[in-house]
Amino acid sequence: MVLLLFLVLFFVPESVVCQRPNPNGVEFNTSGNMYTSGSAYINNNGLIRLTNSTPQTTGQVFYNDQLRFKNSVNGTVSSFSTTFVFSIEFHNGIYGGYGIAFVICPTRDLSPTFPTTYLGLFNRSNMGDPKNHIVAVELDTKVDQQFEDKDANHVGIDINTLVSDTVALAGYYMDNGTFRSLLLNSGQPMQIWIEYDSKQKQINVTLHPLYVPKPKIPLLSLEKDLSPYLLELMYVGFTSTTGDLTASHYILGWTFKMNGTTPDIDPSRLPKIPRYNQPWIQSPNGILTISLTVSGVIILIILSLSLWLFLKRKKLLEVLEDWEVQFGPHRFAFKDLHIATKGFKDTEVLGKGGFGKVYKGTLPVSNVEIAVKMVSHDSRQGMREFIAEIATIGRLRHPNLVRLQGYCRHKGELYLVYDCMAKGSLDKFLYHQQTGNLDWSQRFKIIKDVASGLYYLHQQWVQVIIHRDIKPANILLDANMNAKLGDFGLAKLCDHGTDPQTSHVAGTLGYISPELSRTGKASTRSDVFAFGIVMLEIACGRKPILPRASQREMVLTDWVLECWENEDIMQVLDHKIGQEYVEEQAALVLKLGLFCSHPVAAIRPNMSSVIQLLDSVAQLPHNLLDIVQTREVHRGTEISGEAADSPESCSIAPLTFTESFVSHGR
């Protein structure tokens, strides 16, 4: 397929022809190829100004021709990549405007749409309508509770609505993982990259200052197939709005490419941003504005003094700790959490873990359901380390991981705010009759969901994350019975290919691997061991150790292995499943569970191999029974963590497993 490449290079003079050959396809520039509407215009230097000093207005610019995003009406969306340089400058020293949105839409005429908070994309009646076929990335500089905004300086990915699928504070990640925030309406030029991978079904958004190289870690990453949302032919462009207060929204340069990485923009060739013209000072409106400003300053001074006196008398002083500088934008007000949980009443307790109680709640105004974990601030140093982990893990976004929304500190207590899982934890379904029974298809899907989340932690994120406490109580189910791995209170981080540091043995009895109990060194293989136990537990409907059971059935793995040796492995299945199960799937789960929970760490598969086996892409070794019967630790294979997570292969004919830490697209 011929690649379509257009370069909207705004520094190219208008006399240049509008189309010319290019080694990568067809190249375009601004001459005659841009469609403007509303307050938008393009000056002689190619600078786009979307909005001006006119209040309650919308400015939009689109590439004049439609682009083919699909090969057919029902086809899949092709990969695409775009980058642009923008600047947002407020007027008269007052923050105004509502930001910029890069938009992919089926028409250049989005009317009737509203300015202000709707960014010229939607109106009240068509918000959330699947017929919109709009995908946008918003650079939002205003807070609007109806769109679940948490701050006035964020970046979000929007699909058919301004309630973002995923959102983050504006900023960028350095190579060492440190987060640096940016102020979108600072007037400084910034560059943003929006890249969609059709194979991974993933869209990444990366923001950075103009003269800083593109970061390796994206600000936003969303796994979503865009094929149901985009049509075969679509327009691409920008939209921006103002309210009663105004701002200038500029696009200095823009490139876009289908099926490849778009070329970078040369900052030295970008047009200059003009200073905002201020003839208003000499006008009656200008005099009135100055008078109101002076009066406002006097009132502000009086209010500031009153506030200072109030804070001086306040007994409780919240000190901003180091870790909060990075995680601060996600801080919740204690008042909101207190209202949401009805004053942290015992009737709202969902459960109690190793770090504290978990409460259910509903946030005021937005009515979003949340789960709040209360953590005692017993050890300052311990809490600092714990939150350093949480701050990093809070950036994770995966459909099979419970999302950490933010935190709150109040009177020495720490509160972690998570998405609320409507169905609760998996152990309640396995062991509490009143919760309801799980059929085989639900159990198999839960196993695959947890495997997907664990694979992301081990091999797909920029760092290796070792969960260290995988068990049914930490597997949560949403309203649609989708499983999500949660409770990262014991999780550890390390770089790909490095050796996790030894620490105290953490986890739950029955799920701790032999090498972890001996050395105290957790690894991805010790997580795989616990996952294998959980697989058996889901299939058999019983705990890994039953002290009061017969000697034969006391240890789950021993019992399953014995039944396999006696060629009657199906007898271990949970009797509540009945006869409604797929025998091949059940056998795979039981045998793979024994494989993953093998006492020798080096023999266990990694999670990418587990995914292949569960998806029937690969087959279990034909001699797997002989392998799992080898219960002793052979010389040279007593693995604690180093060898288990090294990039070397562990070959088990006819299937070869390789621990390969790959950072996809990072």
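The backbone N, Cα and C atoms fix where each Cβ goes, and this holds for glycine too.
Residues Asn74, Asn606 are shown; Swiss-Prot lists N-linked glycosylation site for one of them, Asn74. A 10 Å cutoff on Cβ-Cβ distances gives Gly356 (ATP binding site) a total of 17 other Cβ atoms nearby, all chains included. DSSP classifies Gly356 (ATP binding site) as coil under the three-state reduction. Cβ environment of Lys352 (ATP binding site): Val358 lie under 8 Å away, each six or more residues apart in the same chain.
Figure note: comparing Cβ neighbours within 10 Å for the binding-site residues Leu350, Val358, the maximum is reached by Val358.
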